[in-house]
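Novice: I'd like to ask you about the structure that follows.
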Amino acid sequence: MLVSLSLSSLLTLFFIMLMASGISGLLFLHPRVPLSFVRIHIGILALPLLVSLLILANSGVSGNVGPWHLDSLACLMTFFVLAIGFIIQRFSVRYLMGDRSYRKYFTLFTFTTGAASMTWLSGDLRLMVLFWGATLVGLTLLIRLNSAWQVASEAAKISGRLFLLSWFSLFFAMMWLFHATGQWQLSLVVTNESLAGLGEWERTGIQLLIVLAVIIPAAQWPFQRWLVESIVAPTPVSAIMHAGLVNAGGIILTRFSPLFHGGIASIILLLLASISVLIGTGISLVQVDYKRQLVGSTIGQMGFMLIQCALGAYIAAIIHLILHGLFKATLFLQAGSAVGRHEVSTRTNERTSYLWVMAGRILSLVIGVAFWLTAPGDGYHLISALILGWSLSVSWDQLVAFGEGRIGRIAGLTVLGGAALVYFIIHHLFYKWLHTTIFQSVQPPMSAVMIVVCLLLFGSALGTWVARHRSSVFFAVLYLWLVRLGEAKPKSVESHPDYLKQYIS
């Protein structure tokens, strides 16, 4: 009773602090409020973040507090979104100083991250849909922040249309669930008793609606266009977009994981995500624009996350989306220093290097096979083993095989071993923390898993062949096709920002 009362009090305090940050953002809109108030606003933003950290520390006991659902996943994602939002807003204080939409930016940003945090705390399906819709509206307005620029307005229009389709898909899925189960409470909807009353066609229909609702924000093929167009948004907006919002699909699928049992919807999700991995990787390789490279990377990474969800590895998907969010936010915030020096590496001893390459190939194969044999009947383990072996091989080549002499190879081995150790520690801690909260669903048939494996192997083999035949016609066709996929539509491109003329005339 004491723990329940404590959590209830903390939740009340959290909402008070969240409202205070929202009021602070609205006050900052008034032109008479000095720009220096932004630092006070940043201080107020830290208050709900600190309270969410206290809730996270007390999330050992899960349960419902009114229409809100508190468990380790909800508390973790609330803290994560607010922490990323706080860091990016603090970064933006100087980065966007002088921008005509400076005040509006902080208000919209606070509104968007606040709505996202309340989405993951919602234990009522109606509140979840409402706050997720508010998050998508806030993101659309952030993309359209520079409304005087026709390109930004066009990008917001494209994003808004797709977001509307995604939101209606989620809305109809929740209405269907209520009609079938008679429950609005999330914890009651996903029980075995409630889901047992669903017919096979009803379950499949709801699954397909949820899949459509999550692949659009995740920018999966064929709905990746909005993320490509949104590159015109300010860099801090791109940072929160890629770090804390596009990965929402993994959280939604995790929440409704008991509904999925390896049927046709999971297979469709597997195929679309696998295709997106190949397309996203290709876009990131052919684009020369730094932000477009990151767009391609995000499409591919979200594809991997959804593959994990489709295979029932929801804890791995949550770990993936958190680490990806931290990594991608860092990459966007350091975009200003992305134009570095391109030094040609000199490899003094090619024979020695290729001996190390072969050693890395053998080591990667052994570790990948060993990882797979720990659970040979698990489809996720098979794909993970493939990705693990490939990642280790690439990292070995870059850090060890072509290291600068003995010292360089020792340093590379140290970095590689340290990174692996840190990853496994993080994976173990998150798994121990989340395994009681997250349901592990039935996996798709092994035939579907093998199709995904074949697609990934085909993509890897195609990339290797193309890299060695750059003068072929096929290379030119593939290259131009990937460039076209990664470029915005003509309406969303201007050779010069003509809207600036009105400010100098």
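Backbone N, Cα and C atoms are what each Cβ position is placed from, and that goes for glycine too.
Under the heading transmembrane segment, Swiss-Prot lists 9-29, 37-57, 68-88, 105-123, 204-224, 231-251, 259-279, 303-323, 355-375, 382-402, 410-430, 446-466 (among others), citing sequence analysis as support.
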Novice: So which of 9-29, 204-224, 231-251, 259-279, 446-466 is most in touch with the transmembrane segment (105-123), counting Cβ pairs under 8 Å?
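Specialist: Per the Cβ count, the answer is 9-29.
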Novice: Grab the same-chain neighbours of the transmembrane segment (446-466) for me: Cβ-Cβ under 8 Å, and only residues 6 or more beyond its ends, written as numbers and ranges.
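Specialist: That would be 266-267, 270-271, 274-275, 277-278, 281, 285, 307, 311, 379, 382-383, 386-387, 390, 472, 474-475, 478.
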Novice: Would the transmembrane segment (231-251) count as touching the transmembrane segment (259-279), if touching means at least three Cβ pairs under 8 Å and pairs must be 6 or more apart in sequence?
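Specialist: These two segments do not touch.
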Novice: Check for me, if you would, whether the transmembrane segment (303-323) reaches the transmembrane segment (204-224) - at least 3 Cβ pairs under 8 Å, residues 6 or more apart in sequence.
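Specialist: As far as Cβ distances go (cut-off 8 Å, pairs 6 or more apart), the transmembrane segment (303-323) and the transmembrane segment (204-224) touch.
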